[in-house]
Amino acid sequence: MASSNGVSPLMPRSPSNINANMSPSRAKSLAMRKSISKPQTAPTVQPQKPPPDFDMAEQVNEEISNKYVKGKKLGEGTYAIVYKGHVRSDPHRIVAIKKFKVDPSQQREGLNVDTIREIKYLQEISHPSIVALLDVFSSKDQNINMVIEYFPNGNLEELIRDKTVSYGAADVKAWMGMLCRAIYYCHSNFILHRDIKPNNLLIAADGEVKLADFGLARSFGDPRYQMTSAVITLWYRPPELLFGARQYGGAVDIWSIGMVFAELLIRRPYAAADVANQEVLATGGGTVAQLDKICEAVGTPSEENWPGVSKLRDYFELEKKIPVRDKPFYMQMFPTAGSVGVDLLMAMLKLDPRKRVTAQGALEHEWWTVDPRPTEKEHLPKQGGGASKMAAAEAAAPGAVTDENKFKGVAKKLDFGASRK
Amino acid sequence: MIEDDVYRASSQYRYWSYTKESLARIRQNTNDLASERVRAAFHRAHTAHPAHSSNSHNAVSAGDADADAMEIDVDVDVETLTVDEELKIVEWGCSKIMEMGEAMNPRIPSHIVATAIQYLRRFYLTNSPMTYHPKQIMTCALYLATKADHFYISLAKFVAELANLSEDDVKAPEFLLLQGLRFTLDVRHPMKGLAGGHIEMNVMADEGRLGDISKATGSAKRIGTAADHAKRLLATAAQMTDAYFLYTPSQIWLAAMMVADRELVQIYLHNKLSELSSNEATTSLQQKLMSTISACASLLESYRSPKDDASQRKEIKRIGKKLTVCQNPEKMDIVAVARAKAAEKRGGKDSDVGKALKKRKLERDMMDKDGDVFGPDLRNVPGSGED
Ligand SMILES: Nc1ncnc2c1ncn2[C@@H]1O[C@H](COP(=O)(O)OP(=O)(O)O)[C@@H](O)[C@H]1O
C-alpha cells in the first residue's frame, strides 16, 4: 500500500461514492473542476430544463467553453493559432488558448496524430514542471481548443541566445532540476517525451521551466511493439536513434537532457550538425552529419564502448575514430559545471543507452547536494531583466567557502514526488 | 496496492468512474434529452413550419422559450428507445468493433480494440443511439484508437478492409466522438495488470508464499490455466459490460482471475496484504476488497455473448428496427453535416452546402440499397471470429 491513508485501486472508489449522495448542482460544479486532487464524476448535468438544442455531450462542452474568454492572438504554429485569454470568473487568471486549425476537408486521415497524442498525454499528466492542460473544448466551427498555462517569458532557447541575459551555475542547476523532475515523472508513468530541446522548455511567470509539446510522446514498456526511430530534433537525438533503433526507452530523453545541459553551460548547441543545407537533410545526410558531431563531442560509438551497436538496423562504420572523451576534456569544455556537474553530464551522454544514467539516477546524483545551491525559481533570470545576475552568480561560484551543512538538505528538497502537493 | 496515485491522476478515474447509481442516472438523462429532441424533430418535420427554427435559437438563451419546445405534443407519436434498448444497441456496436479488429489485416492488437470499445461506451454516456447510430461511430472509434495507441494504419487501407465504407464515413464523426470523449483518449486496461499478477503469483508460489498452492502441487499449471481464462474474460466480458466504469483495472483483472479460480485469488490477496502489514485494518481491508472484487466477478460472469444466444439476437434485431423509426431525422447523416460545415467554413456559399448535401444523399441512397438495418456487413475474412 502506498500509504496508510492511500486508497487502493482494489477498494471501492471514493469519487463514485461521493457522487452518489451529491446534489445535482454540487455534482455539476464539481464536474467543472479539473483538478487531480479532486476526482469527480463526468457530466452530471442537471436534468431540469435542458435547452433542447443541446445534447448532453454538447452541454458539457458548452459549460467548459463558457469558462474562458478569448483575447488577442499570441502567435501561430504549424497546427495551431494561439490566443491569450482569461478565466471568465477571474480575469486575473491568464491562460493561452491553442486553437487547432481543423479543416476536415484538408485532413486526409482526420485529426493529425501529433495533436491527438498531445491531447492524450497531457490529459494524464500533472506536474509542476510540465505544461498544464487546463481544459479542452470544441468550438462551433468544429475546432479544437486546448486551454493551457500562459507563458509570458518565452522559452529556454530564446533565453540562451539572448546575450543581454546573464546566468550562472546555480541557475543552470535550478533549470536542470526542473527538467529532471519532469522527465522522471514522465518515465515513471511510462511516457517518453521524444522531443526535448530548449525550444520546448517554456518559462512560466513564476520562473519555473516547464516541459511542453507532447506531440511526439508515446507510452513505452511493451517490448512486443516497435517504435519509430524518427523522433527527437536532430541535435538532441541520441546515437541509438541515429542508428535506427526501434526498441528503446527513457535513455533517449536522457541524452537530450544531457545535450540541453551542455548547451545551457556553453550557450550554444553542443553537437550540432549543419542543417542549413536542406537537401542534405532530406536525403538522410543529417544523420551522418549529426553522428559526425557526436564523434567529436562525445566519442565514436564502437563495439568496445557500446556492445551490440553494430547490430543496430542502420549502423555503419564511422569514419572519425575518436576515443570516448574523458573527464579532463569535459572539465576544459565545461568549467562552470564543476567536477561533480561534469560527472552528471558525462553520465547523461554515455553512448551506450544501457549505461546512460536513468532519470531517477540523475535525481539521486551528488551534484544537487554540492555547491552552488540551485537558484530559487523566483530569482531565476528572465529575458529583459536581471543584468546584475552574472556578478552575483560569479561571486558565489568557485572558491567561495561553503558551509557543508548548508547543503545537506538540498537533496531531500528535490523530492521525486513533486508531482503532487 | 500497486498503482494508486498514478491511477487516481488518470482521466479514466477523474471522468469515467461511476457508481451503479450515477451511471444509471447519466444514461437516463441522456435518454430523456434525446427522446425529447427526437419528438421535437418529428414534430418539426410533421408540421413543416420553417418558422419554428427561430424558436430553437431563442431557447438557448431565454428560459421560457423552452416551454415552447417542451410542450411538443403527443400527436406525433414516436416510440423512442429505452435506456436498456440503447445499451443493447451500443453493445452490438462493441461486438462489431471486435469483429472489425479481428478481420483487419494486419489484425489490430486486442488492447487497441479494447480501447476503441471503451471509446464507444464512453461516447454513449452522453450521446444517444437515437441521435447517432453506433454504426456511424464505431468505425471512427476503431480508427481513432489506432491513432491514439500508436498502431499506424492508413485510412485508405483501413477503409479498403471494410466493405461499403468511405473514408468520410470513418473520419467525419471524429470531432463528435472526441467531444463525447471529453477529449480524453487514454484508457487504462486490466490486461497489463493481469500479466504482472500472473508472474507475481508464480514467484510467490515458488517461494512458498501461497500456502498450499506451491510448486509441489503444480502451481504453475493452475495459475496458468486461471490466467488464460481470465485473459479471455478481459477481452470479452470486461469489454461488453460496465466493468471499466465501475471498477479499477486491478479490481477487474483480479475479478477475472476469481471467476477462474476463486481460492487462488483469496490466498493471493490474503498473503499479499499480510506481507504488507498485519493488523485489523488489513483484515477489514481484505474483506472490503474481496467483496468489491466478488461483485465485479459476478458482473463478468453474468455476461452472455449474443453469439450463443438466439433470443438476444432476436432482441437486437427488434431494437434495430425500432431505431430505424425513431432515429433523429435531423442528425442522421454525420458525413453530410460535416461536409456542409466544411463548406460553410470555406466561404459559406449556400450552393456549396447544398451541393455537399445533395452529393451525400446520392451516396446514401446507394449505400442503403445493399445495407441492412445495421449497415454494411463486414467482409467475411477466413479465420476471423474465434481465437
Ligand atoms: N502557452 C503559451 N503562452 C504564450 N504564448 C504561447 C503559448 N503557446 C504558444 N505561444 C505562442 O504561439 C506560438 C505558436 O505556438 P505553437 O502552436 O505551440 O507553436 P509550434 O507549432 O511552433 O510548436 C509560439 O511561438 C508562441 O509565441
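Note that Cβ sites are derived from N, Cα and C of the backbone, with glycine treated the same way.
Curation plays no part in TrEMBL annotations; they are all automatic predictions.
According to TrEMBL, the active site, proton acceptor annotation covers A:Asp195. Its Cβ placed at the centre, A:Asp195 (active site, proton acceptor) has 22 other Cβ atoms within 10 Å.
Other Cβ atoms within 10 Å of the Cβ of A:Leu74 (ATP binding site) number 16 in total over all chains. If you look up TrEMBL, you'll see A:Leu74, A:Gly75, A:Glu76, A:Gly77, A:Thr78, A:Tyr79, A:Ala80, A:Ile81, A:Val82, A:Lys98, A:Lys99 marked as ATP binding site.
Sequence annotations record features per position, and here TrEMBL assigns compositional bias 'Polar residues' to A:14-26 (among others).
TrEMBL lists A:37-47 (among others) with the feature compositional bias 'Polar residues'.
Residues or ranges marked as compositional bias 'Basic and acidic residues' by TrEMBL: A:372-381.
Summarising the annotation, TrEMBL assigns compositional bias 'Low complexity' to A:388-398.
Residues or ranges marked as domain 'Protein kinase' in TrEMBL: A:68-368. A mean pLDDT of 93 is what the model gives for the domain 'Protein kinase' (A:68-368).
The region 'Disordered' annotation in TrEMBL covers A:1-55 (among others).
Look at TrEMBL and you will find A:372-398 (among others) tagged as region 'Disordered'.
Rounded to a whole number, the distance between the Cα atoms of A:Asp195 (active site, proton acceptor) and A:Ala80 (ATP binding site) is 18 Å. Take the Cα of A:Asp195 (active site, proton acceptor) and measure to each of the binding-site residues A:Leu74, A:Glu76, A:Thr78, A:Val82: the nearest one is A:Thr78. Close to the recorded ATP site, the chain also has A:Phe100, A:Lys101: residues not among A:Leu74, A:Gly75, A:Glu76, A:Gly77, A:Thr78, A:Tyr79, A:Ala80, A:Ile81, A:Val82, A:Lys98, A:Lys99 whose Cβ is within 8 Å of the site's Cβ mean position. A:Glu76 (ATP binding site) has a Cβ environment of 11 other Cβ atoms inside 10 Å. For A:Ala80 (ATP binding site), the Cβ neighbour count at a 10 Å cut-off comes to 20, with all displayed protein chains included. For the compositional bias 'Basic and acidic residues' (A:372-381), the DSSP-based tally of helix, strand and coil residues reads 3 helix, 0 strand, 7 coil. Long-range Cβ proximity for A:Lys99 (ATP binding site), meaning a same-chain Cβ under 8 A and a gap of 6 or more residues, is found for A:Ala80, A:Ile81, A:Val82, A:Tyr83, A:Ser139, A:Asn143, A:Ile144, A:Asn145.
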